[in-house]
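Could you have a look at this structure, given as structure tokens, before my questions?
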């Protein structure tokens, strides 16, 4: 049952219902098992990257520092949504409280914006490394890397705050069915029983954030590609392209799905396509990140191999 509160003559909704999840006996378990496995892989894969980068001296470079930050953010980013999705697939109560919904929106979007800023910092790092290699060690210092990371977090967690505070003041008096796999701005605002025309401003803010990051990264990589193509050595070109390929893959996957979802303004999609797009950046992108950054990266593969070899040797000594 949905909890309601009476305020004056109006009945206020205090819980929202995720209506897109099927009941357990009608296919919920079929979605639960692969989602649980995907979540386990996301958490394990990203934590291994974070630990290996911290422990392996060979990876103590700005590029791998940003990769470890991105992996750490992915753990929090997916944890804000997937555990609730898993419980909704196997539970009869597919509900979330109003406060829980607001918190989920806040942390999901804050971490998402932070990731976008970190991807921008990574593009800047690659730009300096390839376009100004002699100046790279003096520009990309550990202090600057820390400052860029702190700035990314500050940007992400402050930008969303006014929006969430505004939504928290809106009355919700029914219906209470969210047609999405997590609490997101548009599905929640559509349930408010008051004028939400200010959502146009919200959309404009999102558009500026996404487009600014996209342009900064895209322009960096255009310049990087021009420089790489001008390299006299074929081996140098191959190595430079290999280094940037993983970043470009993550960039296109993350910003592509985010742009389709949040740069549509008045355009509407069916519930199926809304859900499919959400799955691509809530589940698919975080799932592919550890694969892209480890299986396609020789230095990372070697470091992971050394890490597990040391673990096995340590286990053998203790045994």
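Placement of Cβ uses the backbone N, Cα and C atoms for every residue, glycine included.
TrEMBL lists these features:
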TRANSMEM  29-52  transmembrane segment
DOMAIN    45-293  domain 'G-protein coupled receptors family 1 profile'
TRANSMEM  64-86  transmembrane segment
TRANSMEM  106-124  transmembrane segment
TRANSMEM  144-168  transmembrane segment
TRANSMEM  210-232  transmembrane segment
TRANSMEM  244-265  transmembrane segment
TRANSMEM  271-295  transmembrane segment
How about the transmembrane segment (144-168) and the transmembrane segment (244-265): at least 3 CB pairs under 8 Å, pairs 6 or more apart in sequence, or not?
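No, these stretches are not in contact.
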Mind checking which residues reach the transmembrane segment (271-295)? Cβ under 8 Å, same chain, six or more beyond either end.
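Answer is 20, 35, 38, 41-42, 45-46, 48-49, 67, 70-71, 74, 77-78, 81-82, 112, 179-182, 184, 246, 249-250, 253-254, 257-258, 260-261, 301, 304.
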Within the same chain, where does the transmembrane segment (106-124) have neighbours whose Cβ lies under 8 angstroms from its own Cβ atoms, ignoring anything closer than 6 residues to its ends? I mean 6 or more beyond.
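Tertiary neighbours of the transmembrane segment (106-124) are 63, 66-67, 69-70, 73-74, 76-77, 80-81, 145, 148-149, 151-153, 155-157, 159-161, 163-164, 182-185, 209-210, 213, 216-217, 220-221, 247, 250-251, 254-255, 258, 281.
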With a Cβ cut-off under 8 Å, give me the same-chain residues at least six positions beyond the ends of the transmembrane segment (210-232) that come close to it.
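Beyond its ends, the transmembrane segment (210-232) has Cβ neighbours at 116-117, 119-120, 123-124, 126-127, 130-131, 240-241, 244, 247-248, 251, 255, 258-259, 262-263.
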Quickly jot the same-chain residues contacting the transmembrane segment (29-52) by Cβ under 8 Å, restricted to those at least six beyond its ends, or write none.
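For the transmembrane segment (29-52), the sequence-distant neighbours (Cβ-Cβ under 8 Å, at least 6 residues beyond its ends) are 21-22, 59, 67-68, 71-72, 74-75, 78-79, 82-83, 85-86, 89-90, 283, 286-287, 289-291, 293-294, 300, 303-304, 307.
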